[in-house]
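Read through the structure below, which is laid out as structure tokens, and then see the notes.
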Amino acid sequence: MKTGASASVSLPLYSVQATATIAAVTTFLILFTIFGNVLVIIAVLTSRSLKAPQNLFLVSLAAADILVATLIIPFSLVNELMGYWYFSKTWCKSYLALDVLFCTASIVHLCAISLDRYWSVSQAIEYNFKRTPRRIKCIILMVWLVSALISLPPLVLKENRNLAKEDIPKCELNNEPWYVLSSSTCSFFAPCVIMILVYLRIYFIARRRTRHGSHSPQAMDTLATARGEIQLVRKVKTLSANPWKRKTHLNREKRFTFVLTVVIGVFVICWFPFFFLYSLRAICPSGYCSIPDSTFKFFFWIGYCNSSLNPVIYTIFNQDFRKILLVVNAVVHHGHLL
């Protein structure tokens, strides 16, 4: 396989100035993504106010974004600037598999988070009692396994024909319609529909409770064990006997739900154009649907930018995260608390 001997391969796609600009912007994106998501992980694992088990979802989501920044974006940058696949055939298959895996894992994480929000609203007392770190870790493991089952088999089993070309070796996803549509549906569109339906359900539950003038959950079935039943009753009495504590808890839950709604909305905005164009390319003949490569590449990179945005969203919209991230940032830069 030739990687640089062909004259057509060696022709630069961009001017020197454009290459330097693209490389600088992408390098900043990589560093910003790694730094921001590392801060999120440190904040969740070290802060008492963020110790809630459900925040482990954010740790795993941040880890997926860090992996995108370290294992995917640098090679995508080289591929973009050189105009051909410089690396080995084996790494091409691994790179494509990991790229799809991390994107799928991100949206499946968001699906799991939306379901966690729904259960915490619809079954507040019972579910919050069951929501242990061990249970959340098991769900996270299932998220990664489901993501792998969705994304890896077609890529591992299917030979990449583009790399067989002698003149310009390329590393691209399978462009056969069956793969494009199944991949886009399983990795993006189906999870999006699930999340939208779940959040609509959360909205209607919250609106119904507000209309009835009661934020407290309805009576739940008692748990199976006597010990569990006692703890459940005790929690009900505590919440009902302390309206201020209940209001504080509900306000925190509302803020967290709002932040996660923003995270999901931004994810959909960043990735929908790419998956829409990716699917359109597969089902619409080029004579009818001519999509410029520059447009496709632009939305492709917008999708990668999403990996850097979650820490920004947490900092802007959540007071607990804002305080902790500022403290962690101060410790990282100055070695002591402000």
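Using the three backbone atoms N, Cα and C, a Cβ is placed for every residue, glycine included.
Please treat TrEMBL annotations as automatic predictions, because they have not gone through curation.
What TrEMBL says about this protein:
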type     : residues : note
DOMAIN   : 36-314   : domain 'G-protein coupled receptors family 1 profile'
TRANSMEM : 20-44    : transmembrane segment
TRANSMEM : 56-75    : transmembrane segment
TRANSMEM : 95-115   : transmembrane segment
TRANSMEM : 136-157  : transmembrane segment
TRANSMEM : 177-200  : transmembrane segment
TRANSMEM : 256-278  : transmembrane segment
TRANSMEM : 298-317  : transmembrane segment
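Sequence-distant contacts of the transmembrane segment (136-157), counting only residues of its own chain at least 6 positions beyond either end whose CB sits under 8 Å from a CB of the stretch, comprise 53-54, 56-57, 60, 93, 96-97, 100-101, 103-105, 108-109, 112, 116, 173-174, 179, 182-183, 186-187. Only pairs six or more apart in sequence are counted, and the transmembrane segment (298-317) with the transmembrane segment (177-200) gives fewer than three Cβ pairs under 8 Å, not enough to call it a contact. Sequence-distant contacts of the transmembrane segment (20-44) (same chain, at least 6 residues past either end, Cβ-Cβ under 8 Å): 14, 50-51, 55-56, 58-59, 62-63, 65-66, 68-70, 73-74, 77, 80-81, 304-305, 307-308, 310-312, 314, 321, 324-325, 328-329, 332. Tertiary neighbourhood of the transmembrane segment (256-278): same-chain residues 54, 103, 106-107, 110, 113-114, 117, 121, 180, 184, 187-189, 192, 195, 199, 202, 291, 295-296, 299-300, 302-303, 305-306, 309-310, 313-314, 317-318, 321, selected by CB-CB distance under 8 Å and a gap of 6+ residues from either end.
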